[in-house]
Structure formats: structure tokens, C-alpha cells
Amino acid sequence: MNLKTVLILLVLALATIFALVCVLLTKGVKPASCEQQSLSSQEGKHSDQSLVFADLTPEEMVQVVRYLQRSLGVPLVDAYNANPSDNCIYYVDVQIPTKAKVLGFLDRGGRRPPRQALAVVYFGNQPDPNVTEYVVGPLPKPTTHQDITVQKYGGKLPYHRRPVLGKEYEQIEIFLRRETFSAAPTFLNRVFDCNGTNFVSLTSAPRGFQSGDRSTWFALFHNVSGYFLHPVGLEVLVDHSSLNVSQWRVRKVFYNGQYYKDLVQLESEFQQGRVKVNPVTRAPPDGGFSSMQPRAPPRAPFPLQYEPHGPRYSVQNNQVISQAWNFAFGVNVNTGIRLFDIRFKGERIVYEISVQDAISVYGSNCPGGMSTRYMDGSFGIGRFMYPLVRGVDCPYSATYVDTHYLVETETPETHKNSICIFEQNSGSPLRRHYSNLQSLYYGGLTNSALVLRSIATLGNYDYVWDFIFYQNGAIEAKVQATGYMTSSFLYGDGLDYGNRVGDHTLGTVHTHSINYKVDLDVGGVNNTVVAHDMAFESVQAPWSPEHQIQRPRLTKAVLDTEDKAAFRLHSNMPRYIYFAANSENKWGHQRGYRIQIVSFTGEHLPETSLMERAISWGRYKLAVTKRKEEEPTSSSIYNQNDPWTPTVAFADFINNETIVNEDLVAWITTGFLHIPHAEDIPNTVTVGNGVSIFLRPYNYYDIDPSIYSPDGVFFTSEQDSSVCEVNHIACLSKSASCLPILPPFTYDGFQNLTRL
């Protein structure tokens with residue numbers, strides 16, 4: 001064998017080995033070093049202590065239902081099929097123990113609090129119909145139940161305050177089709193080319209003008225894809241206050257700017273030629289201009305994000321642990337994602353962050369639009385968290401978690417992959433500096449953050465809820481809005497209430513406001529609220545007294561009462577407000593966490609409105625109160641259908657109590673004004689429609705803790721920055737050679753749909 005042959009065989013062997021390595025890498029087989037790094041990146045360890053906050057399991061839900069069925073002494077109908085005159089279980093959720101008991105267990109070695117459930121029951125089949133809330137326990141096999149309604153709300157819950165069941169909406173649809181539309185066959189056929197069977201209705205809320213009312217304007221749309229953009233101009237006011245469905249009545253009808261007693265009158269006047277008609281052509285099934293079908297075929301794939309050495313975080317049960325952060329998470333059926341026991345490098349920063357409510361106040365010259373003030377918690381933010389789409393809603397390789405609910409049914413439902421967790425590289429530096437003076441060097445750190453996300457679809461709108469954890473110890477709670485706008489029929493002075501976006505479609509002006517509860521525990525449970533800002537002062541220049549200098553000076557104030565720490569929505573507020581601990585950092589400053597709000601809110605509903613107290617949290621961009629177990633939420637699911645006598649009025653929380661060195665809660669409102677426009681067709685985009693709150697360390701540490709991040713990069717002019725030992729980024733082409741194993745695309749989002 002000559003030398004040439006040996007060389008050829010050697011080249012072929014090397015090529016074969018290289019090809020084999022490529023195949024292995026392409027199939028996701030990682031070198032041992034990748035696996036080792038993934039495992040060693042976990043600085044904390046999971047524990048079952050986080051289960052003190054855990055949502056109910058499906059098995060626990062079943063046990064609670066069975067216990068109530070045999071223990072309440074009344075017949076219970078499955079809420080899925082329940083009439084207003086029936087008794088039924090509305091929902092079952094976990095009952096979080098008191099903070100004192102939880103901290104006794106987590107921090108002081110106390111016994112684990114007993115696990116309990118909260119059950120909300122509609123009692124329609126009794127002389128005094130009402131809604132009752134029970135605490136049921138202990139789980140997993142309950143033996144007792146306690147009525148906590150009066151203790152929690154100060155009195156009974158009148159039945160008219162109950163959220164509308166899906167069954168009731170279905171009965172209203174049947175009522176409209178069988179008994180209402182049949183009264184105007186000629187009008188419906190000639191104006192809409194239909195007999196009323198291809199309409200879909202959209203509810204408004206609240207439902208009247210005073211306590212006890214349950215009369216709802218239903219706006220009608222063509223039943224096509226994206227029907228929210230296809231109003232026909234016909235709206236019907238249905239009185240469904242009676243528990244006897246046969247006694248429901250139409251109280252008023254609106255068409256194209258005119259009001260009628262009912263459809264009988266509308267039909268009569270139409271046949272007499274006295275109705276101003278604006279015919280609407282039936283939309284195609286795909287909705288035409290409202291269709292979300294892409295107008296271009298797919299081409300090269302969009303950029304993908306992946307972890308070259310596997311995820312640097314871990315999810316077990318209801319706990320997330322990363323290099324620096326760990327926290328427990330759960331889902332409230334009404335308000336969505338909530339986080340507990342948030343710790344940075346092992347130290348608790350926040351006891352609880354949770355969404356309290358989201359409201360939208362609409363304007364229009366149509367009755368349904370002008371009367372709409374949606375309180376989304378009443379419809380249920382958490383229960384409408386549906387499966388997420390890999391690669392669009394979240395990074396393809398994110399970790400996905402299922403959620404379980406028992407709402408309006410006696411059987412638990414599962415929404416698969418409805419929460420995602422991932423680490424996100426923003427593509428920009430968290431901090432950096434290039435030194436071109438004196439010593440020459442570069443130092444920087446990529447802005448990688450841990451994200452927990454859910455997306456709730458409430459009718460037309462989709463809300464993207466993010467909780468983001470940064471390497472410098474900051475936390476961001478962010479919400480972005482997308483989905484379809486709600487529209488009104490365009491007539492008359494409609495352009496005073498929005499922009500025209502279709503032949504007959506008015507995109508109606510509205511506000512979005514979101515309220516968060518933030519229970520900060522900065523350096524311990526007891527904190528004080530401190531405000532820092534700046535003001536200019538005029539002084540004589542010491543070296544030249546004939547001249548003046550205007551210099552900024554730091555202003556400081558302790559906000560020692562709840563009234564001083566309550567800031568109206570559009571009032572001036574100190575730019576630095578922070579929760580101060582009873583300890584100091586190395587430099588003698590009180591350790592603190594600052595609250596920073598990113599918001600573009602519209603105007604709050606005037607306080608002269610008889611229903612404003614029900615959403616009085618919206619008066620304030622920030623309000624800090626003493627934490628009380630009897631003030632767990634700023635809103636209530638019962639406020640939507642009786643805002644005139646609100647079950648919870650947040651304004652009552654603020655009563656000038658002293659808040660120095662106390663366990664405190666910040667109630668924070670953020671939001672935006674939305675004036676719909678042509679580019680909202682077919683969908684509103686998230687760009688520019690995101691608002692957030694930040695919790696940022698303020699003298700909490702001695703230096704920026706992200707300096708300890710292993711992701712940091714530093715090299716000088718005297719070093720070879722292309723050498724791995726100097727700059728680990730230089731090794732990326734090798735260390736990132738482990739390709740991800742992408743799971744096959746699946747989607748279960750059209751199963752277990754919840755009615756709205």
C-alpha cells in the first residue's frame with residue numbers, strides 16, 4: 001500500500017467520522033459536557049414546600065364535588081346543564097392558607113397548613129336564592145365544610161350578583177332565535193338576507209342601572225370567522241332576571257340609530273316603510289377582511305431560540321428554579337396566574353404577585369357599546385387560558401405545563417400546555433461598556449431573562465401575561481393585548497367614538513386597565529414606603545458668588561400613611577418609590593425594592609358614575625395599604641353584575657392607617673387607551689400594546705448582583721478575545737454545537753372548550 005493510498009483512506013475515514021458526528025448532533029445527541037453543564041447550572045434544589053401554594057389536582061376536585069353532593073342536603077345539578085332556578089357548583093379552587101401559617105411553615109419549621117378548597121355554590125332552588133362560598137377540607141378526603149360568605153363579604157351574596165353561566169347564555173341565544181327573531185321574518189330577510197339563524201350575539205355588561213337588574217344588551221353580528229368585525233346594526237335588550245326562563249322578555253330593540261319596543265314593532269314599521277334601512281351584505285364564511293388566514297405563503301423559517309446545553313432552569317410540580325431565581329406558581333380560575341414566595345439567590349423578595357382584575361370601558365353611539373364596562377375577572381381570566389402554540393405563543397423549545405379547572409361542571413377539565421416557561425435572550429446587553437480611554441477593555445452581559453407566560457382569550461381579546469425575572473434581581477409583570485377589537489355598527493355620529501375600519505364597522509374607543517397585587521417582603525415582612533425624587537435649587541456659585549447655579553437636589557420623604565401612599569391615576573407621583581427594609585446595605589442606605597410603572601392609561605370612569613366604586617382600584621396608579629387577610633383582593637367576580645352595590649370596593653381599603661414598619665401590599669394599576677384604527681384589521685398587534693410594572697432593587701445590594709452571572713464577558717486590548725479561556729463567547733461555535741431535540745408539533749386547543 002503506497003503513501004497516496006494511505007492518505008486517501010485516512011481522508012475517507014476522517015470524513016466518515018465527521019459525518020457520523022454531524023448525524024449524531026443533528027439527532028440531538030449531546031456531548032457529555034453539555035449534559036453536565038445543564039445539570040450543574042441548577043444552584044437550588046426543588047422541595048415539596050412549594051406545594052403549600054399548589055393548585056388543586058383533578059383528583060382533589062372530584063373529592064370536593066363528591067363531598068358537597070352528599071353533605072349540602074340539597075339536590076345539585078351539573079352547572080353545565082343548570083337552569084337559573086337550580087342549585088349547582090359554580091367552581092372549585094384551592095384555598096390558599098393565611099400568610100402567617102404559610103410563613104410559619106416555610107420559615108420557622110411549623111407544621112404544614114391543612115390543605116383546603118374553596119367551593120362557590122349557586123342556590124337557585126330555594127326560597128332565598130343566593131351564592132354561598134364554602135371552605136372544604138382537609139384534602140385529599142374532605143370531612144368538613146364551613147360557610148365563609150358573611151365572614152368574607154360582610155353579608156350574604158344576593159343571587160342576582162352571580163356571574164352568568166354558559167348555560168344561561170345558551171338559553172338566551174335560543175330565546176332570541178325561537179321567540180324574538182321569528183317576530184320579524186320580512187325585516188331580517190330583506191335587510192340581512194337571513195332568518196336569524198346565522199347571527200351570533202355579543203354580551204354587554206353590566207346588565208342594567210341598579211341593583212337587582214339583569215337586563216343585557218346583545219349586539220348581533222354575522223356568524224363568520226372574526227365575527228367581532230361584522231356588526232349588522234341590530235341590538236336587543238333582554239331581561240333575563242327571572243329564574244323562570246319562560247318569563248324572559250325583550251325590553252328594547254335598537255336598529256341603525258332607532259329604538260323600538262320589540263321586533264314586532266320593528267317588523268311592522270319596516271313593512272310600512274318607516275324604517276331607515278342600511279342593508280348589510282352577508283359576509284363570506286371566512287370573514288373576508290376579518291380572516292386571519294395569511295395572505296402570503298410561508299418561506300424561509302423565522303429565527304428559532306434554543307438552549308445549546310439544555311435549559312438552565314427546572315420545573316417540578318408548581319415550582320421553578322433557575323440559576324438565581326425560584327418561585328411557586330398557580331392559576332386562579334378568575335384572575336389567572338399568581339406567583340408566591342419569589343426568591344432571588346435564596347432570599348425572599350416577594351410573597352405574592354397576582355392579577356386582580358382587568359377592565360375595559362367602551363364608548364359608542366350604539367347601546368351595547370356605550371354601556372359596556374367589562375370586568376374580566378368576572379368572566380374568568382384563568383379558566384380561559386388555553387393551550388399555547390409552540391413557536392408562536394412561546395419559543396418552540398419552552399417547557400409547557402398543563403392546568404386543571406373545575407368551573408361550570410362537575411368534572412375537572414385539563415388545558416394542556418397552557419403555561420410556558422423559558423429563558424429568553426433579548427438580543428441586547430443587560431449592561432455593557434467599551435472603554436476607549438486610558439485602559440482599553442470591553443465588559444458586557446447578555447440580557448437573558450427567565451419568563452413564565454400564559455395567554456387568556458376572553459371573547460375577542462387575547463391577553464399575553466408575562467412574569468419576567470432578570471439577572472440583576474429585577475422582576476417585571478407585563479401584559480400585552482392582541483386579538484380582535486370589539487366593534488359597533490357605523491351610523492350617524494359614530495366617528496365621534498372611533499375610526500371606521502370596514503363598510504359598516506366602527507372600531508370603538510375603549511380603555512384597558514389592569515390591577516396587580518404585589519406583596520413585597522423586602523428584607524423581611526415589615527417595610528416602610530419611601531419616596532425619592534429631585535428638585536432644582538438655586539445657589540450662588542461658591543467660587544463666583546455673583547453667578548447662580550440651578551442644581552438638582554435629592555428629595556426624600558417617608559409615606560407614613562395609606563392616604564399619603566395612594567396616588568391618583570394621572571396625578572404627579574415621586575419617580576422613585578420603594579419598599580424599604582429594616583436593614584442597610586454596605587453603604588448605610590436602607591435596602592429597598594423600587595416600584596416602576598409603564599402605563600398609557602386612558603381616563604378612569606368618573607366617580608360620579610353610580611358604578612365607579614366597583615372598579616375604584618382604577619382611581620389609583622399606586623396605592624399601598626397595610627396587608628390584611630380580610631382584604632385579599634381589590635375586586636370581586638360579583639361586582640360585574642351588581643356594580644351599584646359592589647361586593648368589594650377597593651376605595652374602602654384606604655383609610656389613613658399608619659404604614660411604617662408594617663407588612664404592606666402595593667396595588668398597582670397599569671393600562672392603555674385604545675383608539676382602534678385600520679391597522680387593527682384583522683387583529684390588534686402586541687407591538688406598542690404592552691404595559692408593565694417593574695420591581696427593581698434600590699440599594700438592596702452593595703453592587704449589581706448580575707456581576708456574578710456566569711454569562712458575563714470581559715477582555716482587554718492586551719488579550720486575544722478569540723481564545724476561549726479569555727472569552728467564552730469565542731467558544732460558542734463549539735459549545736453551541738449541540739442541536740435541540742424539537743418535539744413534534746401538537747395542539748389540543750380545540751378540546752375542553754369553556755363556554756363564555
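Cβ from N, Cα, C; glycine included.
Taken straight from TrEMBL:
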- D376: active site, proton acceptor (ACT_SITE)
- Y461: active site, schiff-base intermediate with substrate (ACT_SITE)
- 76-143: domain 'Copper amine oxidase N2-terminal' (DOMAIN)
- 162-257: domain 'Copper amine oxidase N3-terminal' (DOMAIN)
- 305-707: domain 'Copper amine oxidase catalytic' (DOMAIN)
- Y461: 2',4',5'-topaquinone (MOD_RES)
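The average pLDDT the prediction assigns to the domain 'Copper amine oxidase N3-terminal' (162-257) is 95. According to DSSP, the domain 'Copper amine oxidase N2-terminal' (76-143) comprises 12 helix, 25 strand, 31 coil.
For the domain 'Copper amine oxidase N3-terminal' (162-257), residue counts in helix, strand and coil come to 32 helix, 29 strand, 35 coil, using DSSP.
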